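Participant: This structure is in structure tokens; I'll ask about it shortly.
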Amino acid sequence: MKNFLRKSIAAQSYSKMFSQGTSFKSLNLSLEAPSGARSSFRSLEHLDKVSRHYISEIIQKVHPLSSDERHLLSIIINSNFNFRHQSNSNLSNIILNIKSFDKIQSENIQTHKNTYSEDIKEISNHDFVFFGVEISNHQEKLPLNKTHHTVDFGANAYIIDHDSPYGYMTLTDHFDNAIPPVFYHEHQSFFLDNFKEVVDEVSRYVHGNQGKTDVPIFNTKDMRLGIGLHLIDFIRKSKDQGFREFCYNKNIDPVSLDRIINFVFQLEYHIPRMLSTDNFKKIKLRDISLEDAIKASNYEEINNKVTDKKMAHQALAYSLGNKKADIALYLLSKFNFTKQDVAEMEKMKNNRYCNLYDVEYLLSKDGANYKVLEYFINNGLVDVNKKFQKANSGDTMLDNAMKSKDSKMIDFFIKKWSGIRQTI
């Protein structure tokens, strides 16, 4: 029953991706949207078909293989893979739970997002959980990498050593399939110190036969074969003899193999909807800043850092600046904020939000939360008719609401203004 449920959820995620992503339509790899609320398993069959298409495409490019190439391919196919998800959120206790952006939205969870409108429009893979991929037999050395596509996605690394029967692999970030220049790579010094030509060859788009928007996709069963064949294709084209010899070393170790693969590519693995497992490793890579903890709704880190009113001022300013209503309301309930506290917040020199903006501006800017605004005004923490002194000097909160066409805020301010006039 559990396996059937996983398969059904995966089918929904793939149906959404293949039917709604405009990129698949342009590549003639799309799938019609299901007629009912539930997706059939047809979308999983479609994934297998797409994977076979890309395997066939790369086989035609590299066939036949030399003995060195066959040996390298065999090493990759038999390698242990580890999957790394980085976040500033606290995603685990005894169980690791990682949810897709679509799942988070459906549950009205407020947290920092790494999925953007272009991703959703073009590939619609926002119902998947994303992982970097590492090749290593040495659990004690993990993680081997701390960034993905030059980006540090968080201070906590959550590592699993098991794949999903319904996952899919891309050789790069699925949306941004450009491999960056060597100077942006995490382990650049290894390649700059040891090789010459390949450091200039690595920056490129990784794509199929239909141009740079044609991003190869492999199901879990095919992913090692796809990685190996594409790596062989890159090695063949390289003019760097030293790099070629390094890759074809019969005794190459897993860490060196990982260095090669995550230099030539930036592997990304995707699991449908949600990962929930007790088989994982959590590694803290660095400290989490207060602002990052707030953006990630990491209450444990926030409570560790916000131990007095002075730090609460900082935290509240970060919450307002990042439109984190959940954290702002949490802090307001935990600490007894007064109008004097707000005045002290605005004088803080080490908080960019208070340096640039009045608190009233942050409360009423486009996308600000109505409940937070209501709390501040109803508890007398700010004056409804105060004119801004920093950004948009001379304007009021009503002006901000008018610019963003926030009818709920506009009505609230008008009622408050009317009440003020009646008392004069």
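In case you wondered, yes, glycine gets a Cβ from its N, Cα and C as well.
For reference, Swiss-Prot lists these features for the protein:
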SITE      H85  site 'Important for catalytic activity'
BINDING   H85, Q86, S87, L91, I104, N114, F130, H148, F153, D173, E268  NAD(+) binding site
SITE      F130  site 'Important for catalytic activity'
SITE      F153  site 'Important for catalytic activity'
SITE      D173  site 'Important for catalytic activity'
ACT_SITE  E268  active site
REPEAT    311-340  repeat 'ANK 1'
REPEAT    355-386  repeat 'ANK 2'
REPEAT    393-422  repeat 'ANK 3'
Participant: Can you name the residues of this chain that are 6 or more positions from H85 (site 'Important for catalytic activity') yet have a C-beta less than 8 Å from its C-beta?
Facilitator: L91, I98, V129, F130, F131, G132, A157, Y158, I159, L275
Participant: If you count, for each of the binding-site residues F130, F153, the other Cβ atoms lying within 10 Å of its Cβ, which residue has the minimum?
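Facilitator: Fewest other Cβ atoms within 10 Å, among the binding-site residues F130, F153, is found for F153.
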Participant: For the recorded positions D173, E268, which Cβ has the most other Cβ atoms within 10 Å, all shown protein chains included?
Facilitator: E268
Participant: Taking the Cβ of S87 (NAD(+) binding site) as the centre, count every other Cβ atom within 10 Å, in any protein chain shown.
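Facilitator: Step by step: centre on the Cβ of S87 (NAD(+) binding site), count other Cβ atoms within 10 Å, giving 19.
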Participant: Measuring Cα to Cα, tell me the gap between D173 (site 'Important for catalytic activity') and F153 (NAD(+) binding site) in whole angstrom.
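Facilitator: Rounded to a whole number, the Cα-Cα distance is 13 Å.
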Participant: Please report the three-state DSSP label of I104 (NAD(+) binding site).
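Facilitator: In the DSSP reduction, I104 (NAD(+) binding site) maps to helix.
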Participant: Where DSSP helix means H, G or I and strand means E or B, what are the helix, strand and coil counts for the repeat 'ANK 1' (311-340)?
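Facilitator: Taking each residue of the repeat 'ANK 1' (311-340) in turn, the totals are 23 helix, 0 strand, 7 coil.
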Participant: For F130 (NAD(+) binding site), which DSSP three-state class applies?
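Facilitator: Where F130 (NAD(+) binding site) sits, the three-state DSSP reduction gives strand.
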Participant: I want to verify one value. Collapsing DSSP to three states, which class is E268 (NAD(+) binding site)?
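Facilitator: Looking at the DSSP assignment, E268 (NAD(+) binding site) belongs to a strand.
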Participant: Give me the mean pLDDT over the repeat 'ANK 3' (393-422), rounded to a whole number.
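Facilitator: Summing pLDDT over the repeat 'ANK 3' (393-422) and dividing by its length gives 85.
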Participant: What is the number of residues in the repeat 'ANK 2' (355-386) that are helix, strand and coil, as DSSP sees it?
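Facilitator: Residue counts for the repeat 'ANK 2' (355-386) by secondary structure: 17 helix, 0 strand, 15 coil.
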